[in-house]
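To start, the structure itself, in structure tokens.
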């Protein structure tokens, strides 16, 4: 595995740890990693490599690590190499909190890249804010958060739904069936969706939430049959989405008459669902692997060369990848002798770069201006973009809450 | 009325999956008193074996079934020989040991095959639905239901109509005395454990086309299967089947009347009450111990 | 019996020495390491609580995480209210909750919170115990009922998003203020606070196990029927120890929420509950002290292994654990006791060497 080689390169971390692990005091006081402060730049990677979320987070880890290696191979930043310190929080929020502390306090990382779920971000937040560190979060999320210590690389509700909903209502009809996992992200997306539907004259025929990891959708499918909606609006994640899609297909529900439009389904889920079962349904995202830009071609090519020809990139791994480059660009603007997380943040604001999805920009509120698209899945597991926003969309993390705005000075209530 | 019929079928379908997973667990528990927490991982191994057979040998899910059974049974047999056999004198420790085995299997698969979700193609000839009036039944789910019934019957025949079954029942009744009569209890245990594991493997193979195949897929299944076994009653095949049916149908009804989460909570509460007032389960086996 | 008490006192003194003086010195009073160790110490409390019900009374409680979670939520509710000031906690307004729910209101008071974190879990544990033990439920059925309760309880907590914060739990907490002292979780004083809690719990646990009460519990563990014939009300004894164990778990949960600065429904997961069982088994369930040590050692090993073997630490942990179950059935405690016996060169009769295994064989319900 390539990752191993990289670890080997980062000094004899493993062997040193083993050797020192033999003596009790060394075992107690932590493995002796040498942190020569000046000759490299420590960055933390906090993605679950084990446990239920690893399905997605491992690909984020892979993408971020690839970016770091590319940067190092090209000479690093200011002649310094980025040193990736890898932790495995094992899909458990408590472990996220623990490992985040390691990275930010013990290992003195100037930034940490990590996590997929909202719960894990929330677990990392206290230590990040107290230590004024910087957490680069690549995932689409529910908005409604305005931390000065998190760089949000994913879409917020307005960036996923503003172009999607009018198009859905126009092309398929006004009856929407909402299905999601039972946590904050689906509920927020649905809240926002209802606001948009109100203006469009749409109607929610049913809104339901199943527990995380729920995998038997027979009742849901029966209910869908009974309600006869025009569109299924899905915010199911991970396993649940895969199981739902397969059972939807097994039940022979027709995507032409009743398509599933998902905010969370990406190439990685489609690979598990199987192209046949996914074909015809829709996803809304700022990036698809099939995107036709030179930046994306390079990204996909490198990714496949590194992780195998059958590996896929998706809209979260793209963000995990470009965020490392944003980090690098911010570092380059700073005095190499004197870098701190907050300075990196301030340097990053307003910066634009060419990402695989197009030219993106970091807003003063630390969210990212993105290029929303709607893709229809094909039987080869790729999406065909059938609707693309004409302009880059500004992130509005509090779009569903009039009177509240996330700005460069934090949350402003009016 | 349509909804009721369709839900009844959904419940039947859930019950068949529960049954097929719980059956192996019930046999192992009923025979040796071992609560096999690695059972979910046997299911997972079955799913991955199916995936490997499909990807590398081009076998379909149904044709792969015998091979999957043999492969997972072999793993079960080895685990019984190397680990579980040493723990028969300490039944509560087997809970811990099998949990450890579960972690090891899960991590081994993750390291070997990768953490990402794998795709297994369902059998083409079983795609489609049968529609009777408003009742829509997926062919694949009908197949799973019939297959689980077949397994139940085969297992019952094995237990009651074969020499091995006779030996097994003898060992369950009284291990010491059976050994005096020349029955090799150790061997019986090994074979039973392997058979239970093999059934779990089949369960894994059958559910992959419907669910997501990942290394952690077994963790959630084992708790449900375990509850089915306890509700059904110790060592009773019919009890297990009845419990699976009951839990499947009740879940289906609740999830349409309220929702899936509350439905599950209600079922769990029901299980707690049932164990409290009928600790021996719905159909306690009449074997005296 | 007398000598066992002596050994336990010596053990406790040694343990206290290491925890109170050794560990901070070893880590050079480093804030991060102290904080990490505070986490281990709070987990040691829930592990020793399980040793009380499981090791002493033979009641395998797979729902320990539920009562642990209640404690952590009690603490988190107090801190959340504090962080919100006069406003409604943020997640409530997101869930369209209009006014502060009634069960939240009393958590404004610290005294109430501290009591609730201890007494609510104890009461819930007590109720479950009465429910089970009045019907003479025993052995594996205790494990099943508590497990089902745990799963259901976690589902309820996640479902009631407006009340509990759902899947994300309670985050964005204020620091605890204790008698005017604002607790800094990276400080030595906080470490000593957690350490002191652990010591109090251990002394209490040792007192219980060495008292007549503990003796009766062991008698129940060995043979509940016979104990009943002696005229003891078995169900009452079981209920009391179950409730005490649940209360201690709640206490540990309060500390845990402080250390991690959030409360999460994952504290009430099946895997966390099983992890507690494992710490307890590794240390040795017969002794509360050993169970506490087990929790610390397993977590320490987990932390260090994951440092060195980024991809394989889970696998190693599984192997390590399996080895302990296979070859050290009574945990580290058993190894030490056996070594002590061997050193005194007393001939060890087979029966004496394994009093515990035989007793733990639950008599199959017939």
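Numbering starts at 1 and runs along the chain as displayed.
In case you wondered, yes, glycine gets a Cβ from its N, Cα and C as well.
Listed ranges B:140-159, B:160-179; the one TrEMBL annotates as transmembrane segment is B:140-159. Touching of the transmembrane segment (B:57-79) and the transmembrane segment (B:193-214) is concluded from the presence of at least three CB pairs under 8 A, sequence neighbours closer than 6 excluded. The transmembrane segment (B:140-159) shares more Cβ pairs under 8 Å with B:12-37 than with any other stretch in the list B:12-37, B:193-214, B:253-275.
Long-range contacts of the transmembrane segment (B:193-214) within the same chain: residues 17, 20-21, 23-25, 27-28, 32, 34, 36, 39, 42-51, 61, 64-65, 68-77, 79-80, 84, 115-123, 140-141, 144, 147, 151, 155, 158, each at least 6 residues beyond the stretch ends and with a Cβ under 8 Å from a Cβ of the stretch.
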